[in-house]
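J.: Submitted below is the structure of interest, expressed as structure tokens.
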Amino acid sequence: MDIWMAFQALILGIVEGLTEFLPISSTGHLIVVGDLLGFNGETATAFKIIIQLGAILAVMWEFRARVLGVVLGLRSEPRAQRFTFNLLLAFIPAVVFGLAFADLIEHWLFNPITVATALIVGGIIMLWAEKREHAIQAESVDDMTWKLALKVGFAQCLALIPGTSRSGATIIGGLVFGLSRKAATEFSFFLAMPTMIAATVYSLFKYRDILQWSDLPIFAIGFVSTFIVAMITVRALLKFIANHSYAVFAWYRIAFGLVILATWQLHLIDWSTAQP
């Protein structure tokens with residue numbers, strides 16, 4: 001196994017694990033870091049699909065007790081039934097819009113201006129959502145109504161726009177629609193499970209021809225590093241938001257958006273070969 005490729009896989013796995021569940025756009029970070037490391041092409045595309053599985057498993061493991069409780073309580077527990085209904089309801093809009101518009105959006109909007117604009121605008125909205133005075137309608141995910149869940153589901157559709165960030169769209173949407181920070185964050189994590197599984201399965205099918213068994217060691221390094229770092233990140237974020245706002249992430253989004261514009265203007269990143 002090539003040592004340099006193993007190092008690239010390790011670094012990108014760490015980047016994915018750090019950024020997937022923070023509202024700062026994992027796609028944008030993987031593009032920038034991947035280009036700086038010279039990790040592009042078909043192998044890179046397949047690699048990004050595989051390491052998402054590591055992130056999915058990390059959040060499922062972190063919430064395994066709740067997931068198991070919901071599964072076991074589906075037949076008789078009203079709380080588990082309501083939670084599952086809300087989750088599926090929030091999941092549907094992304095499926096419909098994704099199947100209908102994902103390829104068009106990828107073709108027309110995957111460019112540095114769109115990515116940077118989405119990062120900056122998302123950061124500004126996040127600052128506004130944190131500063132505005134509003135009544136909390138749901139302190140926990142169990143307090144959510146189906147209407148709140150559906151609203152967050154539609155907010156998740158904005159993540160189809162490159163640079164928006166799936167977690168960013170759902171967390172910001174949750175805050176805007178009246179969820180507490182804790183509820184918005186946890187619901188974002190739970191909604192990530194079906195959404196990312198569906199997106200990964202779709203991507204695996206779409207890019208099935210470029211998956212090679214010879215790349216398995218590289219994929220394994222990225223997968224494991226993503227899983228470990230994502231699990232640490234999820235735990236750290238839940239502790240952080242208990243006593244802090246999302247303002248630091250908002251300012252980071254704005255700064256990173258400006259970095260994206262700079263890399264484009266100065267031709268530091270080859271956006272013509274970048275893949276979402």
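Using the three backbone atoms N, Cα and C, a Cβ is placed for every residue, glycine included.
Quick caveat, the model's predicted, so the values are computed rather than measured.
Positions annotated as transmembrane segment by Swiss-Prot, on the basis of sequence analysis: 12-34, 43-63, 85-105, 108-128, 185-205, 218-238, 249-269.
In the displayed structure, how are the listed features positioned relative to their neighbours?
T.: Long-range contacts of the transmembrane segment (43-63) within the same chain, counting only residues at least 6 positions beyond its ends with a Cβ under 8 Å from a Cβ of the stretch, are 9, 12-13, 16-17, 20-21, 30, 34, 189-190, 192-193, 196-197, 199-200, 203-204, 207, 210-212, 215, 218-219, 222-228, 230-231, 234-235, 275.
A Cβ distance under 8 Å defines the sequence-distant neighbours of the transmembrane segment (85-105), meaning residues of its chain 6+ beyond its ends; these are 141, 144-146, 148-150, 152-154, 156-157, 159-162, 187, 190-191, 194-195, 198-199, 202.
Listed as Cβ neighbours of the transmembrane segment (108-128) (distance under 8 Å, sequence separation of 6 or more from its ends, same chain) are residues 23-25, 27-28, 31, 161-165, 168-169, 171-172, 175-176, 246-247, 249-254, 256-258, 260-261, 263-264, 269, 271, 274, 276.
Within the chain carrying the transmembrane segment (185-205), a Cβ under 8 angstroms from the stretch's Cβ atoms is held by residues 21, 49, 52-53, 55-56, 59-60, 62-63, 66-67, 87-88, 90-91, 94-95, 98, 140-141, 144, 149, 152-153, 156, 166-167, 170-171, 174, 179, 211, 234, 237-238, 241, all 6 or more beyond its ends.
Beyond the ends of the transmembrane segment (218-238), by six or more residues, the same chain brings 1, 5-6, 8-10, 12-14, 16-18, 20-22, 43, 46-47, 50-55, 57-59, 61-62, 182, 185-186, 189 to within a C-beta distance below 8 angstroms of the stretch.
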J.: Using a Cβ cut-off under 8 Å, which residues of the same chain at least 6 positions beyond either end of the transmembrane segment (249-269) come close to it?
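T.: Those are 22-25, 28-29, 31-32, 35-36, 112-113, 115-120, 122-124, 126-127, 130, 163, 165, 168, in sequence order.
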